[in-house]
Amino acid sequence: MKTTPNEKLLKKALHSCNNKKYADKILHQEKEIFDLKQLLQISKSLNSVLEFDRLIEAILYIVMAQLKTLGAAIFTKKSFDDNLFVLNRDHYGFDIIRDAQYSINVDHPLINFLDKSDSGCTPDEISKNIKTDKIVKDLFSLSPSFFVPLKAKNRMIGFLLLGEKMESSHQFTDYEKNIIENIASLAAIAINNSQLLEMTTTDIMTHLKLKHYFFTLLMEHLYTINSSGEKKETLSILMIDIDFFKNINDTYGHAAGDIVLEEVAKIIKSCTRNADTAARYGGEEFIVMLNNTSASAAMAVAERIRKSVEEKSIMYDGKKINVTISIGVSSYNFDLESAKSIVERADKALYESKQNGRNRVTLSKNNLPKA
């Protein structure tokens, strides 16, 4: 039977349509393969970063790049036993209102609602399901487009806020929501691992790093400096000891001594940067690594800590306790010095501070200007 011209056109149209469907299917599968490869790279990238602040920053950049949003922010607990999810100081694309409350209790209805969701929800979906109290309104004031729960081991460890999408459509497709869920899952596992590391490397009383972890970080930094081949970056060490600490324990009791340790640790933390590392060295001794800090700058930091402790009145059981500290300072001299050596020099300088009357800062002789 002869094929009519109309039938030929119809067959051609069907063939063209089938080709387009086939091409669209191939494109979609190629995109899925590409996205899976991206998720693998994201997993490798996040699992290679254990330091919490750097990890949060990495997650935010990844989220904004992969999901094409104009903003991203993360709410996490400050510690495992905390009852609040707090907005991390690193966030992008959101206008922060000074008087707004950017923290939320773990028992809040919003948290319970997010916990039941896997791929997240929009502000409209939240408004329809829970009462929008002041806390929720403060979060909505940031104009987020999407809330994403962060879950690790069936436990919610925080949530992610996404800003506006770069593209014209403000709604995430089901496919995009699946990508969001996968990225959130990887981010949650990385955050959980980072928090576990924080727990195992942090002194419970002072919330400073433990001695063994401090030395690990110090050796890593020295290796980085020596590997660069350029003498552009250095570091300095502070060894700090509370003067007459035994007398405090004998006079006021060990509970008072613990309070003194906590307060001195807080001062050390407040006088140093996030890039620096403070640790409890043992007993009433502390150690600080000041990154990219010269000997003269380290002396200024040490003096600031010493003066702050001297001026602080620590209250215990209605009594004021005034303490002083002695500090030794050493700075790396680019001579392939070991971690042990630079710490020993700071310790010797601390001993000199003790011998010369306490409540003072002494620089290691190796770092003194040559005559």
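From the backbone N, Cα and C atoms, a Cβ is placed for every residue, glycine too.
Pulled from Swiss-Prot:
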DOMAIN    233-366  domain 'GGDEF'
BINDING   Asp241, Ile242, Glu284  Mg(2+) binding site
SITE      Lys246  site 'Transition state stabilizer'
ACT_SITE  Glu284  active site, proton acceptor
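Shown on the structure are the features that Swiss-Prot records.
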residue : record                             : contacts (Cβ under 8 Å, 6+ apart)
Asp241  : Mg(2+) binding site                : Glu284, Glu285, Phe286, Ile325, Ser326, Ile327, Leu350, Lys354
Ile242  : Mg(2+) binding site                : Ile248, Val260, Leu261, Val264, Glu284, Glu285, Val323, Thr324, Ile325
Lys246  : site 'Transition state stabilizer' : none
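Per-residue pLDDT, averaged along the domain 'GGDEF' (233-366), amounts to 94 for this model. The record gives Asp241, Ile242, Glu284 for Mg(2+). Within 8 Å of the mean position of their Cβ atoms, the other Cβ atoms in that chain belong to Ile240, Asp243, Phe245, Val264, Gly283, Glu285, Phe286, Ile325, Ser326. Broken down with DSSP, the domain 'GGDEF' (233-366) shows 61 helix, 39 strand, 34 coil. The number of other Cβ atoms within 10 Å of the Cβ belonging to Glu284 (Mg(2+) binding site), over all protein chains shown, comes to 21.
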